[in-house]
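Undergrad: Pasting in a structure now, in structure tokens, and then I'll have a few things to ask.
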Amino acid sequence: MKISVVGTGYVGLVTGVTLSEIGHQVICLDVDTLKIKMLRNGQSPIYEPGLEDLLRKNINDGNIWFTSSSTQAFADSEVIFIAVGTPANHDGTANLFYLEQAVIEIAKNIKKRQIIVTKSTVPVGTNQYIKKLIEKYTTVEFDIVSNPEFLREGSAIYDMFHGDRIVIGSELDEAAAIIGQLYKPLKIPIYKTDIRSAEMIKYASNAFLATKISFINEIANLCDKVGANVEAVSYGMGLDQRIGNQFLQAGIGYGGSCFPKDTKALVQLAGNVKHEFELLKAVIDVNNKQQMLLVEKVKKRITSLLHKNIAVLGLSFKPNTDDMREAASLVIIEELVKQGATVIAYDPVAIDEAKKYLPTEVVYAKSIETAIIDADVVLILTEWEEIKSFNLHQYKALMKKAVIFDGRNCYSLPEAERAGVEYYSVGRPLVMKQTIDEASLSPIYSDKKDTTAS
Ligand SMILES: NC(=O)C1=CN([C@@H]2O[C@H](COP(=O)(O)OP(=O)(O)OC[C@H]3O[C@@H](n4cnc5c(N)ncnc54)[C@H](O)[C@@H]3O)[C@@H](O)[C@H]2O)C=CC1
Ligand SMILES: O=C(O)[C@H]1O[C@H](OP(=O)(O)OP(=O)(O)OC[C@H]2O[C@@H](n3ccc(=O)[nH]c3=O)[C@H](O)[C@@H]2O)[C@H](O)[C@@H](O)[C@@H]1O
């Protein structure tokens, strides 16, 4: 099939490359000419495991092309996928500016009947709006399909080939059948529904996953106070198949380009129809507090952050991506810098991207070793494999005193105990075996016994 994809970001590029891999002829359009230039040279503008190899293979096989010309992009297309960004406005509503621009370009340039598929995450009712907008600019016939995307960054290619479901929202069985057929080689279950329900499935799914995370983070905070271990708790909960073991990893809260914006957009959407989504508001609130929790623990431990060297390991919002959008590290590092600390940051992949977002005072290290060597305290913010597998004994060997605040529970407690480090994690008991300079230590968990007993 001849397919056009509008927007070559995480979703557009991965979709385009996947569709080309399963036998379609794909042309991708982006207004960012630099991206198009890189893509034509077989270079992926984003770090996504497996993406660049698949991109090059399909460029060489003549299955995928890149352009910044709308005329060229829609000259032969039968199906057009829209995958432009829908970021949050200041008030939390979805910003549809890029979508509107893309839709107008499509409407002005299509010459024959098309199926226009919305992959971008859009509020319920947007596809209906898109339909009306297109009709303003063209008399060419077209059908609208909502086909929300569920891939995760860092495992996007895997997810495209192994997704749990493909949701197709359409008012016309024929259009839904064509899109279903297009995806057939992926052998992923297809769920066909109406357009509004498809739009809602996307927001409800992200909101539910965010709820699971905030829930387990609240349990973790409670575990901290009553002396339980959240790892054991989430494992025990997850054994119940009705609960499931995924998305119960406690930490410093969710970040990324979607959970934060989509939860806010759903609250706004509910507000528009005079429905107070109290539960989701609490989920967002818990997440905002969770991001700062580690800093509060550090402050309790070393009293003042002024002139302290703080090593931060991991900057991206999750491992295996260089995406810094709404990463918890942004909020945490900004606070550390504000309090007068010197931040030495390390990330295996995201440093170049991080520099665009972080305060200029931040110093970047080329390795974990160089980041921690002069540090008073280490903060682990992203569970990259390299960080998780870094030997705990190295902290002990390299730092004057190994004080680690692990926001992602990367190490087991016995491991930390054996290494003799002072180890704070999320929702798990403190490990503090080494001899501690009492003068610099305030009793962060000194009330724990009392609380447990009460
Ligand atoms: N990033 C993710 O993991 C996922 C994102 N989504 C949704 O997919 C949509 C896209 O997200 P991302 O890929 O992360 O965005 P992105 O910001 O990475 O990419 C968007 C791309 O669209 C291009 N663009 C903007 N206006 C354009 C226009 N008029 N014509 C052509 N290109 C244009 C931009 O230059 C950019 O390259 C959003 O609605 C997002 O919520 C859904 C599932 C997963
Ligand atoms: O709409 C989207 O953009 C996508 O949003 C998420 O994908 P993504 O944000 O790429 O990554 P996740 O793996 O979901 O992680 C999101 C955040 O939650 C955090 N998280 C995740 C799981 C967990 O148990 N605990 C936890 O704190 C991660 O560290 C990360 O900051 C969803 O998982 C995708 O299905 C969806 O398509």
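The count begins at 1 with the first shown residue.
Keep in mind that glycine also has a Cβ here, set from the backbone N, Cα and C atoms.
The NAD(+) binding site annotation in TrEMBL covers Asp30, Lys35, Thr86, Thr121, Glu153, Lys261, Arg325. Positions annotated as substrate binding site by TrEMBL: Phe150, Leu151, Arg152, Glu153, Lys202, Phe247, Leu248, Gln249, Ala250, Gly251, Gly255, Lys318. Per TrEMBL, the feature active site, nucleophile maps to Cys258. The annotation domain 'UDP-glucose/GDP-mannose dehydrogenase C-terminal' is assigned in TrEMBL to 311-413.
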Undergrad: Mind telling me which of the binding-site residues Thr86, Arg325 has the densest Cβ neighbourhood, counting other Cβ atoms within 10 Å?
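TA: When each Cβ's neighbours within 10 Å are tallied, Thr86 leads.
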Undergrad: Which whole number of Å gives the largest C-alpha distance between any two of Asp30, Lys35, Thr86, Thr121, Glu153, Lys261, Arg325, the residues noted as binding NAD(+)?
TA: 24
Undergrad: Taking every residue in the domain 'UDP-glucose/GDP-mannose dehydrogenase C-terminal' (311-413), what is their average pLDDT?
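TA: Taking every residue of the domain 'UDP-glucose/GDP-mannose dehydrogenase C-terminal' (311-413) together, the mean pLDDT is 97.
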Undergrad: Which one, from the binding-site residues Lys35, Arg152, Lys202, Lys261, has the smallest tally of other C-beta atoms lying within 10 Å of its C-beta?
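TA: If we count Cβ atoms within 10 Å for the binding-site residues Lys35, Arg152, Lys202, Lys261, the smallest count is at Arg152.
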Undergrad: For a Cβ distance below 6 Å to any atom of ligand 2, name the recorded positions from Asp30, Lys202, Cys258 that qualify, or say none.
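TA: Listed by sequence, the hits are Cys258.
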Undergrad: Give me the largest Cα to Cα distance among Phe150, Leu151, Arg152, Glu153, Lys202, Phe247, Leu248, Gln249, Ala250, Gly251, Gly255, Lys318, the residues the record lists as binding substrate, in Å as a whole number.
TA: 24
Undergrad: Filter the binding-site residues Asp30, Thr86, Glu153, Arg325 down to the ones within 10 angstroms of Gly255 (substrate binding site), Cα to Cα, kept in sequence order.
TA: Arg325
Undergrad: Can you tell me how the residues of the domain 'UDP-glucose/GDP-mannose dehydrogenase C-terminal' (311-413) break down into helix, strand and coil by DSSP?
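TA: So the domain 'UDP-glucose/GDP-mannose dehydrogenase C-terminal' (311-413) is made up of 33 helix, 18 strand, 52 coil.
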Undergrad: Take the C-alpha atoms of Lys261 (NAD(+) binding site) and Leu248 (substrate binding site) and report the distance between them in angstrom, rounded.
TA: 20
Undergrad: Mind running the binding-site residues Leu248, Ala250, Lys261 against ligand 1 and keeping the ones whose CB falls under 6 Å of it?
TA: none
Undergrad: Give me the non-local Cβ neighbours of Glu153 (NAD(+) binding site): same chain, 6+ apart in sequence, Cβ-Cβ under 8 Å, ordered along the sequence.
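TA: Long-range Cβ contacts: Tyr10, Glu48, Gly256, Ser257, Lys318, Asn320, Thr321, Asp323.
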